[in-house]
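Trainee: Checked Swiss-Prot, it gives:
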{"type": "SIGNAL", "residues": "1-26", "note": "signal peptide"}
{"type": "CARBOHYD", "residues": "Asn29", "note": "N-linked glycosylation site"}
{"type": "CARBOHYD", "residues": "Asn34", "note": "N-linked glycosylation site"}
{"type": "CARBOHYD", "residues": "Asn64", "note": "N-linked glycosylation site"}
{"type": "CARBOHYD", "residues": "Asn83", "note": "N-linked glycosylation site"}
{"type": "CARBOHYD", "residues": "Asn132", "note": "N-linked glycosylation site"}
{"type": "CARBOHYD", "residues": "Asn183", "note": "N-linked glycosylation site"}
{"type": "CARBOHYD", "residues": "Asn218", "note": "N-linked glycosylation site"}
{"type": "CARBOHYD", "residues": "Asn288", "note": "N-linked glycosylation site"}
Amino acid sequence: MSIFFSIRFWPAAISAAILWLPQVLGRSNGTAPNYTVEELWKLETTFWDNFLYPANVEQMEAINSTLFTQDVQGRVDITRVFNGSELNTEYIFGLFSDPDHVSLVGVPVDYSITQFIAQGNIASATTVVTFNATSFGNLLVPVTIDTWIMWDADGRIMQYDATFRWFGFLLDTLVEALAESINGTTSQATASLTQLLATTICATHDQYCTGSNQQYDNNTACLDFLTSAIPLGKDYELGRNTLLCREVHEHMVQYDPALHCPHIGPTGGDYCVDDQTYAQKVLQKYFNQSWIVGVPSTGDIWLGD
């Protein structure tokens, strides 16, 4: 299926699918809903259909996507946890919805589910998503995303856990592509990427982070901090005090400056900060519902208090 066909066809088809799902899928028996595997497959593919560009634009414009419950919980291994439908709508759909804006991976244009198993109201899947990295000469890059998703009785996502597989390899590939395009070394490409991301973040700051939301004294101070005071970041540091973390949050500033401006500022807000050790990251108690199916979940250390 071509991208051009998708642009014409998907919005209407996806909207119809979203309206249809809650009417026909499994209902709650008083506890967790018990969907068939076919129904869970439909819920899974509906999410990924909406994740692709330009369908994700429609989801982003909804502010609170109907694909999520109001109190949805989400965790992404390379970043952090995200609470609530509005925040998840911004990060899941808004982050990858503008092909003309500087970004690491651009916009998602296709996907293939390569692994899938489901029971009750939970599905575990591996999805290879093709991104058009528009900031890297429209380089098409496959990105492998492992997900656990849990739905409520109305077919809405109530919690998810996502892992970007081989993300370090992906970052190296993007830097190598940039090095080739500028006919330079990987060190020169890394410096060029750092400057590009910092310039973009500071331009966004100057436009949206004004008045009480201002984080830097001026553009020069912003560039100095982002290029000299913090590292670019490793593949697992998109939720730490790095430039890559601020690149992620820069996309969200336009939607809610009061919330997101601190994330691109010197303090990092409560997202781009070094507040967790490795063990704290791994052992973080977070989810309201256990991912364990069919047997007692006693001893599940990820369950929130």
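Cβ coordinates come from backbone N, Cα and C, glycine included.
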Trainee: Which of the three DSSP states, helix, strand or coil, fits Asn83 (N-linked glycosylation site)?
Mentor: strand
Trainee: Under 8 Å Cβ to Cβ from Asn132 (N-linked glycosylation site), same chain, six or more residues apart: give me those in sequence order, or none if nothing qualifies.
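Mentor: Spatial neighbours, sequence-distant, of Asn132 (N-linked glycosylation site): Tyr53, Pro99, Gly106, Val107, Pro108, Val109, Asn138, Leu139, Leu140.
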Trainee: Going by DSSP, is Asn132 (N-linked glycosylation site) sitting in a helix, a strand, or coil?
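Mentor: The residue in question, Asn132 (N-linked glycosylation site), is strand (DSSP, three-state).
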Trainee: Between Asn83 (N-linked glycosylation site) and Asn183 (N-linked glycosylation site), how many Å separate their Cα atoms?
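Mentor: Per the Cα atoms, Asn83 (N-linked glycosylation site) and Asn183 (N-linked glycosylation site) stand 43 Å apart.
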Trainee: Rounded to the nearest Å, what's the C-alpha distance separating Asn288 (N-linked glycosylation site) and Asn34 (N-linked glycosylation site)? Just drop the number here, would you?
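Mentor: Between the Cα atoms of Asn288 (N-linked glycosylation site) and Asn34 (N-linked glycosylation site), the distance comes to 18 Å.
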Trainee: Work out how many Å separate Asn218 (N-linked glycosylation site) and Asn183 (N-linked glycosylation site) at their Cα atoms, rounded off.
Mentor: 33
Trainee: Expressed to the nearest Å, what is the distance separating Asn34 (N-linked glycosylation site) and Asn64 (N-linked glycosylation site) at their Cα atoms?
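Mentor: With the alpha carbons as reference points, the distance is 25 Å.
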Trainee: Expressed to the nearest Å, what is the distance separating Asn183 (N-linked glycosylation site) and Asn64 (N-linked glycosylation site) at their Cα atoms?
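Mentor: Taking the Cα atoms only, Asn183 (N-linked glycosylation site) lies 44 Å from Asn64 (N-linked glycosylation site).
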Trainee: According to DSSP, collapsed to three classes, what secondary structure does Asn218 (N-linked glycosylation site) have?
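Mentor: Assignment for Asn218 (N-linked glycosylation site) reads coil.
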Trainee: Do any residues at least six apart in sequence from Asn64 (N-linked glycosylation site), in the same chain, have a Cβ closer than 8 Å to its Cβ, and if so which, in order?
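Mentor: Asn64 (N-linked glycosylation site) has long-range Cβ partners Gln70, Ser85, Glu86, Thr89.
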